[in-house]
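One structure is given here, and the rest of the page talks about it.
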Amino acid sequence: MLLAFDVGNTNIVMGVFKGKKLLHSFRISTDKNKTYDEYGMLVNQLIGYNGISLTEIDDVIISSVVPPLMNTLQVMSLKYFRTKPIVVGPGIKTGINIKYDNPKEVGADRIVNAVAAYELYGGPVIVIDFGTATTFCAISEKGEYLGGIIAPGLMISADALFQRTAKLPKIDLTKPPTVINRNTVASMQSGIIYGHVGMVDYIVTRMKGEFAPSAYVVATGGFANMIAEESKTIDTVNEMLTLEGLRIIYERNKE
């Protein structure tokens with residue numbers, strides 16, 4: 001079995017694959033202060049709850065945008081799973097030609113998403129990932145990573161309003177039924193969520209105009225379904241896109 005780690009700034013998403021089939025997925029909070037033993041015990045508990053033992057994990061692959069955790073998870077993999085993990089980074093085979101000015105600047109998560117989207121949906125394709133940041137990636141018909149956009153995510157927007165104002169409260173991001181609202185919390189929720197929908201549709205329209213009017217649009221990440229319900233430009237939501245991308249990259253790099 002393959003254990004895949006998608007390490008984001010807010011959450012770590014893990015997936016257990018048997019061949020091409022995703023058996024289980026888990027989401028935990030990202031904590032840079034946890035040791036490799038703490039992560040090892042936590043992962044053991046999560047997979048064990050689903051009837052999988054440590055010895056059944058043959059390989060590990062890691063994608064991380066949190067540098068301090070990379071070594072932690074690598075050591076954890078060696079100690080608890082007795083395997084050297086594949087790490088998404090320079091030198092890894094992705095099948096994607098990155099056209100960024102400096103390819104090393106592209107986050108591992110964006111590369112993984114691009115690989116999955118092109119493999120599953122073909123090109124041209126646009127990937128929107130609703131994470132700590134909301135990112136947009138453009139992949140050409142030939143599978144070239146053309147670039148994209150990085151915007152503040154929904155939680156960052158909510159936190160900024162709370163932290164940078166004297167009277168606005170901290171809120172949960174639930175969608176109000178109307179855009180116009182009569183209380184502060186719902187008004188903030190409306191501005192952040194419906195404002196994000198407007199941003200998404202405008203940016204996707206501009207992206208299509210710049211590189212491919214027929215581009216397919218796939219969304220992923222924690223808020224993807226909520227935004228897709230209101231968006232006029234998102235074609236599909238794939239919550240497991242990043243994990244699928246890790247599986248594909250693993251298959252292209254396993255010995």
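Just so it is clear, glycine is given a Cβ too, placed from its N, Cα and C backbone atoms.
Copied over from Swiss-Prot, here are the features:
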ACT_SITE  D109  active site, proton acceptor
BINDING   D6, V7, G8, N9, T10, N11, I12, V13, T132  ATP binding site
BINDING   Y100, G107, A108, D109, R110, T184  substrate binding site
BINDING   D129  K(+) binding site
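Sequence-ordered, the extra residues of this chain that approach the ATP site, with Cβ no more than 8 Å from the Cβ center of D6, V7, G8, N9, T10, N11, I12, V13, T132, are T30, V65, V66, G131.
Across the fold, the C-alpha of G8 (ATP binding site) and the C-alpha of T184 (substrate binding site) stand 30 Å from each other.
Other C-beta atoms found within 10 angstroms of the C-beta of A108 (substrate binding site) number 22, with every protein chain shown included. When the neighbouring Cβ atoms lying within 10 Å are counted for each of the binding-site residues (T10, T132, T184), the highest count belongs to T132. In this structure the residues listed as binding ATP are D6, V7, G8, N9, T10, N11, I12, V13, T132; their two most distant Cα atoms lie 13 Å apart. The shortest Cα-Cα distance between T10 (ATP binding site) and any of the recorded positions Y100, D109, T184 is the one to D109. Cα of G107 (substrate binding site) to Cα of the residue listed as 'K(+) binding site': a distance of 12 Å.
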